[in-house]
Amino acid sequence: MTGRNQNVVAEFLLLGLPIESEHRNLFYALFLAMYITTVLGNLLIIVLICLDPHLHTPMYLFLSNLSFSDLCFSSVTMPKLLQDMQSQDPSISYAGCLTQMYFFLFFADLEDFLLVAMAYDRYVAICFPLHYTTIMGPRLCSFLVVLSWVLTTVPAMLYTLLMARLCFCADNVVPHFFCDMSALLKLSCSDTQINELVIFVVGGLIIVLPFLLIIMSYARIIFSILKVPSVKGICKAFSTCGSHLTVVSLFYGTIIGLYLCPSANNSTLKETVMAMMYMVVTPMLNPFIYSLRNRDMKGALRRVFCKKKFHFFL
């Protein structure tokens with residue numbers, strides 16, 4: 001290849017966000033506040049689930065893993081983005097770029113699989129309420145969590161290894177605020193057909209198959225509710241599934257808008273905005289969705305707070 005005879009880049013320059021210099025400090029403060037909110041909100045959910053025995057149920061086991069995934073997912077890119085916004089040298093090493101890409105793919109896929117496990121949990125809870133504790137036993141729940149973590153390792157590692165085999169030459173400017181896989185492929189001076197084929201096949205399966213499983217779960221839920229239509233049953237089903245449906249809509253809505261609805265105009269700006277939505281906004285909103293709409297989480301917060309207050313006065 002001609003690229004192998006040229007200098008291989010040792011680092012990449014992240015172009016960052018299209019923000020004018022006079023507004024940079026304002027957006028820096030905004031993104032910093034959003035990141036702190038994401039970290040504190042997801043940590044609060046994890047701590048409450050660990051401390052309150054009432055939350056030691058399958059649904060909250062999945063939720064604690066989802067919160068940890070959101071926390072790590074946002075931490076993969078946000079600290080670097082905040083650093084670059086205050087630095088005159090927005091560079092990232094070649095190894096650092098591949099590492100960031102790996103963990104970005106890992107935690108994005110992990111959230112994808114965890115949402116499927118949560119949808120199955122809601123399906124069993126509504127369609128088989130009398131057998132819920134039997135079906136969703138500790139062994140099955142642990143298996144679903146471990147399976148989610150294991151399955152995410154394979155595609156993330158595969159994509160990273162395929163990216164590592166490519167050669168990057170003179171152009172090292174990434175038109176994004178993180179090491180996006182599609183942006184890196186455009187900079188490569190090697191043949192990227194294998195990478196693109198794997199992304200199309202494996203990536204399509206990872207996005208489409210879990211989404212179809214979630215749709216099937218909720219189709220069965222709706223069918224079960226319609227068999228015994230009642231206002232009480234509908235309200236109970238909505239309270240059980242409302243938070244999960246909201247998170248699914250946010251997660252898949254941004255992915256569909258970014259990858260399945262391409263636009264010819266301002267494609268780079270659109271990709272940046274949509275990436276900010278599912279990498280920054282969604283992880284920040286998830287704790288509010290699950291805490292403000294959930295009586296169990298509010299009750300756990302009161303019990304933990306009252307216990308700490310009681311021990312303080314003793």
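A Cβ is built for glycine as well, from the same backbone N, Cα and C atoms used for every other residue.
TrEMBL annotations: computationally assigned, not manually curated.
Taken from TrEMBL, the feature transmembrane segment covers 26-51, 101-120, 140-162, 197-216, 237-260, 272-292. According to TrEMBL, the domain 'G-protein coupled receptors family 1 profile' annotation covers 41-290.
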Residues outside the transmembrane segment (26-51) whose C-beta sits under 8 Å from one of its C-beta atoms, at least 6 past its ends, are 17, 19, 60-61, 63-64, 67-68, 70-71, 74-75, 78-79, 81-82, 85-86, 280-281, 283-284, 286-288, 290-291, 297, 300-301, 304
Outside the transmembrane segment (197-216), at least 6 residues beyond either end, the same-chain residues with a Cβ under 8 Å of its Cβ set are 109, 112-113, 115-116, 119-120, 155, 158-159, 162, 181, 248, 252, 255, 259
